[in-house]
Amino acid sequence: MATNAKPVYKRILLKLSGEALQGSEGFGIDASILDRMAQEIKELVELGIQVGVVIGGGNLFRGAGLAKAGMNRVVGDHMGMLATVMNGLAMRDALHRAYVNARLMSAIPLNGVCDNYSWAEAISLLRNNRVVILSAGTGNPFFTTDSAACLRGIEIEADVVLKATKVDGVFTADPAKDPSATMYDQLTYSEVLEKELKVMDLAAFTLARDHKLPIRVFNMNKPGALRRVVMGEKEGTLITE
């Protein structure tokens, strides 16, 4: 196993799913998981890594079901964006309690709650070792938080998007349904598309590919996995050119 004395990334974009925050409850935010994630992010900051974070909102709101029931998709997506802001507030609070300087930015203006998203301000904060939480997706309906992660990753000039999931990486098939599924250590963007592997939605994935932004998929539920990823150890699946 390769072990580096120094991190292999200087600036990362960490994509957390909303579901990752809910733990075994099935809904809402599990405070113990939130605090563990804050501690893992703190470790990265102490290593000198600049950290941007995008969080989904699926633990608080899922628009798909309501869309089927007749709700306007734009309204549902706006509600989903607000759910990501709520998760961002919780993460900012957890980081502050862990004595980590963190700033929450939103793609839709919410004066008095958090800062408006500014690309230049985000980069300035990162350079000053502040964790920047980027909420409300892209600010537009019809785009996922994976798209937001890739877009913000490109904007802040991140070295990589680290997509935290509930599985160890990208597999040949769904490991929950197929016990013979094996995990890929590395893939190219083309291989992911050819094999129709579920990494991200197509809009997000092609955005990353077109801008040569590497993606690493790993299991955030595995203690220490995030640190191992940034130290260049064998963890998860790396997707590059």
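Even glycines carry a Cβ here, placed using N, Cα and C.
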Which stretch does Swiss-Prot mark as region 'Involved in allosteric activation by GTP', out of 23-28, 137-142, 233-238?
23-28
Given that Swiss-Prot lists Gly57, Thr138, Gly139, Asn140, Pro141, Phe142, Phe143, Thr144, Thr145 as binding UMP, which residue among Asp77, Asp159 does it place in the same site?
Asp77
With DSSP as the reference, give the number of residues of the region 'Involved in allosteric activation by GTP' (23-28) in helix, strand and coil.
3 helix, 0 strand, 3 coil
Just name the winner among Ser17, Thr144 (the binding-site residues) by count of other CB atoms within 10 A of its CB.
Ser17
For the binding-site residues Lys15, Gly57, Gly58, Phe142, Thr165, which one has the sparsest Cβ surroundings, going by other Cβ atoms within 10 Å?
Phe142
Roughly how many Å separate the Cα of Thr165 (ATP binding site) from that of Gly57 (UMP binding site), to the nearest whole number?
14
How many Å separate the two farthest-apart Cα atoms among the ATP-binding residues Lys15, Leu16, Ser17, Gly18, Gly58, Arg62, Thr165, Phe171, Asp174?
26
Once near-sequence residues are set aside, which residues in the chain of Asp174 (ATP binding site), 6 or more away, have Cβ atoms under 8 Å from its Cβ?
Ala181
